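Trainee: Sharing the feature lines straight out of Swiss-Prot:
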ACT_SITE  Cys376  active site, nucleophile
ACT_SITE  His498  active site
ACT_SITE  Glu500  active site
BINDING   Ser12, Asp152, Ile153, Glu154, Lys191, Thr192, Lys193, Pro194, Thr195, Gln196, Lys227  CTP binding site
BINDING   Ser12, Lys191, Thr192, Lys193, Pro194, Thr195, Gln196, Lys227  UTP binding site
BINDING   Gly13, Leu14, Gly15, Lys16, Gly17, Ile18, Asp70, Lys243, Asp244, Ala245  ATP binding site
BINDING   Asp70, Glu145  Mg(2+) binding site
BINDING   Gly349, Leu377, Gly378, Phe379, Gln380, Glu400, Arg455  L-glutamine binding site
DOMAIN    293-525  domain 'Glutamine amidotransferase type-1'
REGION    1-270  region 'Amidoligase domain'
Amino acid sequence: MKYIVVTGGVMSGLGKGITTASIGRLLKNRGYQVTAVKIDPYLNIDAGTMNPAQHGEVFVLSDGGEVDLDLGNYERFLDINLKSIHNITTGKVYRNVIEKERRGDFLGATVQIIPHITDEIRYCISRAAQETVNGGKVADVCMVEVGGTVGDIESMPFLEAVRQMHGDLAPEDMILVHVTLVPMDTMGDFKTKPTQHSVKALRELGLQPDIIVARSSDVIGPQTKKKISTFTDVPVKAVVSAKDAPDIYQIPMELEKEGLADVVCSYLSLENREPDTAWYRVVSQEYTNRVTVAIVSKYGIEDVYMSIKESLKHAGRALSTEVNIRWLDAETFELHDLADVDGILIPGGFGKRGIEGKIRAIRYARENKKPYLGLCLGFQLAVIEYTRHVLGIEDATSEEMGDGTHVIAILPEQEEVSDLGGTMRLGDCDVVLKDGTKVTGLYGKTAIVERHRHRYEVNPAFIADLEAAGLVFSGTCGPRMEVCEIPNHPFYLATQFHPEFRSSPTKPSPPYIGFVEACKKNKSSSEIR
């Protein structure tokens with residue numbers, strides 16, 4: 001097993017996750033099996049109960065793990081399915097160590113950061129690296145991203161564990177990649193001092209980077225690379241420029257041009273095979289059309305809806321269509337804001353803030369024949385809207401939202417649940433689709449698997465009346481309704497599951513493909529009119 005550990009310096013938000021995924025992609029293009037591990041130094045057990053406005057999207061894995069959005073990028077870039085063990089948090093590590101202490105596993109020893117916590121971290125990394133990710137063989141290379149910034153107190157035990165692993169492994173079995181910021185001053189000169197100090201801080205922890213990925217607004221020239229090399233003892237060939245890119249899927253190509261894959265293969269004693277260019281062809285698809293999609297959302301932070309954004313890109317590329325997103329605040333938007341968009345999307349979420357605005361948007365889409373895609377909460381609100389304005393039950397609502405006629409009810413198994421973390425209906429579930437429906441046409445089959453994250457469902461008492469009124473429940477999982485659609489609408493589809501969590505550039509999500517295609521048709525018909 002080969003390890004590539006990615007750390008970050010100077011500041012957070014430099015793109016360590018994309019860098020990690022991109023390096024993995026470069027190796028995968030050369031025929032190597034790649035897996036990935038994300039270390040999050042926070043004390044939370046997982047991301048499931050964290051505020052999306054602070055943390056960004058909660059990505060859901062196939063086994064139900066609620067994790068950092070970086071794991072979503074790993075899956076999309078590497079075409080793999082990760083598991084909960086691929087996300088290591090301080091909370092998990094400390095919980096495991098405390099449970100071992102309570103069982104007496106340490107035979108009365110005084111439990112300390114070193115060796116007990118660091119040993120647990122090393123075990124977690126090794127175990128995750130050995131876990132097969134697509135049901136095949138164990139990976140050749142494991143990418144390990146250490147979250148946070150060098151110098152953060154929360155990261156110290158993890159970096160110490162990395163130092164120990166680095167010392168125990170052969171030089172060709174582990175390399176360190178350090179991502180830093182190289183800002184440009186008002187005169188247009190690159191400033192290397194932040195990188196110098198960042199590497200100095202890393203060295204003080206006993207870690208010397210093998211490769212420096214220099215993040216900047218523009219390409220870093222040879223002189224700047226030479227200066228960084230001189231002050232960090234990293235060879236010039238291993239100082240890699242990573243400029244800002246308009247599309248994250250361009251980054252592997254840019255790093256390929258910088259020769260990063262050649263350096264990595266050399267350091268890890270891997271055969272530097274001729275890279276397969278199929279993935280590059282997919283992500284370099286040129287656009288011949290453009291559509292505008294309104295996302296009516298609760299949060300004004302795009303990272304909260306990362307997988308939705310990327311899934312629209314995936315579908316757009318497959319259809320040679322650029323998807324422009326218009327973000328609308330569910331509490332403040334006006335209906336005229338929807339008049340010139342080509343489609344409307346309501347994402348998942350929790351809580352009642354912004355609910356009425358989202359229902360107004362859904363009604364507008366239904367009545368004005370605008371393509372509509374509803375996801376999770378967007379599915380539940382579509383049912384509520386239909387119940388109110390077609391069945392005429394004006395106080396229809398969800399049990400989550402308070403008093404009224406509960407057309408959306410809590411799942412029976414959730415009624416006695418008290419803890420919030422890790423207790424929802426999570427991960428992959430089998431869904432059966434009805435023959436002859438829109439959704440079956442999109443998937444091309446009647447048995448599918450999709451990922452879930454919810455506590456509420458369509459109240460079975462209302463299903464017959466809703467279907468009699470024209471709403472078709474075209475997908476089910478046992479007694480649960482999973483998909484609804486309206487047959488006499490250009491495109492009106494809502495899913496209880498989150499299809500965006502299984503979408504990638506090479507395998508765009510069928511509901512998103514159908515939605516973007518419908519947006520194209522809607523735009524064309526509008527232009528004709």
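Glycine is treated like the rest: Cβ placed from N, Cα and C.
Any idea what these are sitting next to in the structure?
Mentor: Residues within less than 8 Å, Cβ to Cβ, of Cys376 (active site, nucleophile) and separated from it by at least 6 positions along the same chain comprise Pro347, Gly348, Gly349, His452, Arg453, His454, Thr495, Gln496, Phe497, His498. Following the DSSP three-state reduction, the secondary structure of Cys376 (active site, nucleophile) is coil.
Around His498 (active site), a 10 Å sphere centred on its CB holds 23 further CB atoms from the protein chains shown.
Secondary structure at Glu500 (active site), taken from DSSP and collapsed to helix, strand or coil, is helix.
On its own chain, Pro194 (UTP binding site) has Gly9, Val10, Thr180, Leu181, Val182, Pro183 as residues at least 6 apart in sequence with a Cβ closer than 8 Å to its own Cβ. In the three-state DSSP scheme, Pro194 (UTP binding site) is classed as helix.
Here the Cβ of Lys191 (CTP binding site) has 14 other Cβ atoms within 10 Å, regardless of which shown protein chain they belong to.
DSSP gives Gly15 (ATP binding site) a coil state; it is part of no helix or strand.
DSSP classifies Glu145 (Mg(2+) binding site) as strand under the three-state reduction. Sequence-distant contacts (6 or more apart, same chain, Cβ under 8 Å) of Glu145 (Mg(2+) binding site) comprise Val5, Val6, Lys16, Gly17, Thr20, Ala36, Val37, Lys38, Ile39, Asp70.
DSSP classifies Glu400 (L-glutamine binding site) as coil under the three-state reduction. Around Glu400 (L-glutamine binding site), the same-chain residues six or more apart in sequence whose CB sits under 8 Å from its CB are Phe350, Gly351, Lys352, Ile408, Ile410, Arg455, Tyr456, listed in sequence order.
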Trainee: Specify all same-chain residues, apart from the site residues Gly349, Leu377, Gly378, Phe379, Gln380, Glu400, Arg455, whose Cβ lies within 8 angstroms of the center of the Cβ atoms of the L-glutamine site, ordered by sequence.
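Mentor: Close Cβ neighbours, site residues excluded: Gly348, Phe350, Cys376, Leu381, Ser398, Ile408, His454, Tyr456.
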Trainee: Tell me, by DSSP, whether Asp70 (ATP binding site) is helix, strand or coil?
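Mentor: The residue in question, Asp70 (ATP binding site), is helix (DSSP, three-state).
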Trainee: Max Cα distance spanning Ser12, Asp152, Ile153, Glu154, Lys191, Thr192, Lys193, Pro194, Thr195, Gln196, Lys227 (CTP binders), Å?
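Mentor: 31 Å is the greatest Cα spacing among the residues binding CTP.
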Trainee: Using DSSP and three states only, what is Ile153 (CTP binding site)?
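Mentor: Where Ile153 (CTP binding site) sits, the three-state DSSP reduction gives helix.
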Trainee: Can you count the other CB atoms that lie within 10 A of the CB of Ile153 (CTP binding site)?
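Mentor: Result for Ile153 (CTP binding site): 8 neighbouring Cβ atoms inside 10 Å.
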Trainee: Out of Gly15, Ile153, Lys227, Asp244, Gly378, Gln380, give those binding-site residues positioned within 10 angstroms of Thr192 (UTP binding site), comparing C-alpha atoms, in sequence order.
Mentor: Lys227
Trainee: Of the binding-site residues listed here (Ser12, Gly13, Gly378), which is spatially closest to Gln196 (UTP binding site) when Cα positions are compared?
Mentor: Ser12
